[in-house]
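Visitor: Next up is a structure, given as structure tokens.
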Amino acid sequence: MESGKTTIAKIIKRNEPGGRVPIWLMRQAGRSLPEYRKAVENMNNFMEICYNTDLVTELTLQPVTRFDMDAAIIFSDILIIADVLGCDVNFVRGVGPIIKPVESPKELKGPQEIETKTLPILNAIKKVRSQLPKEKSLIGFAGGPWTVASYIIEGRSSKTFSKVLNFYPSCLKEIIERITEVTIIYLIKQIEFGADVIQLFDSNAGALSEPLFKEYVIEPTKRIILAIKDRFSDFPIIGFPRSAGNLYKDYCEQTGVSAVSIDYNVPIKWAKANLNIPLQGNLDPNLLAYNKTEAIKEAKRIIDCFRDLPFIFNLGHGVLPDTPVENIAALVNLVKSY
């Protein structure tokens, strides 16, 4: 899977810098690319795209081909787990995911069908890995259990999370446990099919108080990581508890993650002083989309801060759909040559 060159996977495993700072971007495959828009122009259902092996393979490789990214991330969605659990997941253009809200853990299916249901995605992982140059890592992923739970209880993305935060605690805990169980199986399968690195996206982590963050983010993440490391002892796992603020420190120290991706609100000097594992991040995607000059300037500041550490350049969240491809190309060229 890996060659003698220093891959992202090796930087994380060895916990040491790998020479040049590597780069990949969250949501690097997607609507910002004209070739993506062309490939999906006849597809109306986003979930159908996610279960189409050949299309997922093509979409995953597009940004690697165009920009020579140092990693590919499998084209998929964190709500695949919700779909596997029997939730009715639909993506509405301009709105995002809409799900029939779950009222009780009894409504969720068990993990029995997970491999059958996700086989098209797993086969895409296998296919991408066979086509990807050896020096480039393939990243598999899943949503953090808290984030997936918040979507299936709220029924859509939320700014307040009022419904999930007022949900019966015992029911919420059981839903998170069920999601955790299925996520473990799914991620182990991704590794078996060829993923070199796993990233856990806990996009809604910032909604929680410190005690709830420990219960709903740290504990399930720890359980997932222990299960993976039980099978694959030094496997590189990146955690992304977005908007966790000072709780990033607890997350790094208590979950067992191999590396952490930081959002663009995290002060880089604070991260360098407090987070003692390989770091990934954290350019503001708004800068990349709307102010190329400022984005390049900020990218240099980030690299200057982290270049003596095991560090992977990324954004602090996903690429925005209207980001000009020339801005992405300029960023990649800067990071690779700086």
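Cβ coordinates come from backbone N, Cα and C, glycine included.
According to Swiss-Prot, the record shows the following:
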- ARG27, GLN28, ALA29, GLY30, ARG31, ASP77, TYR151, SER203, HIS317: substrate binding site (BINDING)
- ASP77: site 'Transition state stabilizer' (SITE)
Visitor: For the substrate site as recorded (ARG27, GLN28, ALA29, GLY30, ARG31, ASP77, TYR151, SER203, HIS317), determine the largest distance between any two Cα atoms, in Å, rounded to the nearest integer.
Guide: 23
Visitor: Rounded to a whole number, how many Å is the Cα of ASP77 (site 'Transition state stabilizer') away from the Cα of ARG27 (substrate binding site)?
Guide: 10
Visitor: Other than its own, how many Cβ atoms are within 10 Å of the Cβ belonging to ASP77 (site 'Transition state stabilizer')?
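Guide: By my count, 20.
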Visitor: Return the residue, from the listed binding-site residues ARG27, HIS317, with the maximum count of other C-beta atoms within 10 angstroms of its C-beta.
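Guide: Max Cβ neighbours within 10 Å, all protein chains included: HIS317.
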Visitor: Taking the Cβ of ALA29 (substrate binding site) as the centre, count every other Cβ atom within 10 Å, in any protein chain shown.
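Guide: The answer is 26 other Cβ atoms.
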Visitor: Using all protein chains shown, find which of the binding-site residues ARG31, TYR151 scores highest when you count other CB atoms within 10 A of its CB.
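Guide: Counting Cβ neighbours within 10 Å, the top one is TYR151.
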